[in-house]
Amino acid sequence: MHDLQTWQYIATALIFVWTGFVRSGLGFGGAALGLPLLLLVVDDALIWLPLIGIHLLFFSSITVSSRIEHVNWPYLKKAFGIMIIPKLIGVFGLLTLPSEWIVAFVYLTTLFYAFCYLFRFELSSRSPWIDYLLLIAGAYAAGVSLIGAPLIVAVFARHVAVGELRNTLFVLWFILVVIKLSVLYWAGIDFWWVHHLWLLPCAAIGHLIGLKLHEQLIAEGTASFKQVIGGALVVISVVGLLR
């Protein structure tokens, strides 16, 4: 992070504005829709994940602190019990698997999400067994690279009221990221603290824009918005895989 070219710093700043917008506007997906772009700037997930994780902790705590009563704690506890083991397996996979495997995993997973968005295939669950499978897969993906949100949201949307969904998810992201960052810190991964001084304001701009548009997105539906994102993610993922 200390010796990037000018275009890389500019691109990084713009991408963090985007991640802040997605995170607060949709309530999820900041990492899932931002990490593939960041890997085009520098293709090492261990550089970006500590930065994304600290931002998620900061903004999720601000968002939920005044809305803590609108969190579905019973279902959050139930889901967390299912997710904790695959989450830890994913985190240790991040530390032990080759970097190029992690990058390929990110782009292939993103490509799957992209096609779902592009063709308006709604990830959803209609049975307890599908709930378990999606939560386990989402937790593992979140452990490896913080991009498991769409799988996890598919389950939470079935069990949590719309008015509680975003806040419940923010609490879940907070818990999952604390676990991930604790392991990364224990492993001696650089958190690039000095770069938070300029990246946090970038993410804050996107966060504020997302907060203003959240209610509008919920009222109008996000299908068209996601379809546009899906088309862009297909291109990004293909470019990333071909590099």
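Just so it is clear, glycine is given a Cβ too, placed from its N, Cα and C backbone atoms.
Heads up, TrEMBL stuff is auto-annotated, nobody curated it.
Model, not experiment: these values are computed from the prediction.
Within the chain, the transmembrane segment (38-59) has long-range Cβ neighbours (under 8 A, six or more residues past its boundaries) at 1, 4, 8, 11-12, 15-16, 19-20, 23-24, 30-31, 94, 99, 102-103, 106-107, 145-146, 173-174, 177-178, 180-181, 184, 189-192, 195-196, 199-200, 203-204, 207, 236, 239-240, 243. Per TrEMBL, transmembrane segment is recorded for 38-59 (among others).
According to TrEMBL, the transmembrane segment annotation covers 79-97 (among others).
For the transmembrane segment (102-120), the residues of the chain that approach it from at least six positions outside its boundaries are 32, 35-36, 39, 43-45, 94, 141, 144-145, 147, 150, 223, 226-227, 229-234, 236-238, 240-241, judged by C-beta separation under 8 angstroms. Marked as transmembrane segment by TrEMBL: 102-120 (among others).
Residues or ranges marked as transmembrane segment in TrEMBL: 132-157 (among others).
Taken from TrEMBL, the feature transmembrane segment applies to 169-187 (among others).
Per TrEMBL, the feature transmembrane segment maps to 193-211 (among others).
Marked as transmembrane segment by TrEMBL: 223-242 (among others).
Within the chain carrying the transmembrane segment (132-157), a Cβ under 8 angstroms from the stretch's Cβ atoms is held by residues 27-29, 31-32, 35, 45, 49, 52-53, 56, 75, 79, 82-94, 97, 102, 105-106, 109-110, 113, 116, 122-125, 165, 168-169, 172-173, 176-177, 180, all 6 or more beyond its ends.
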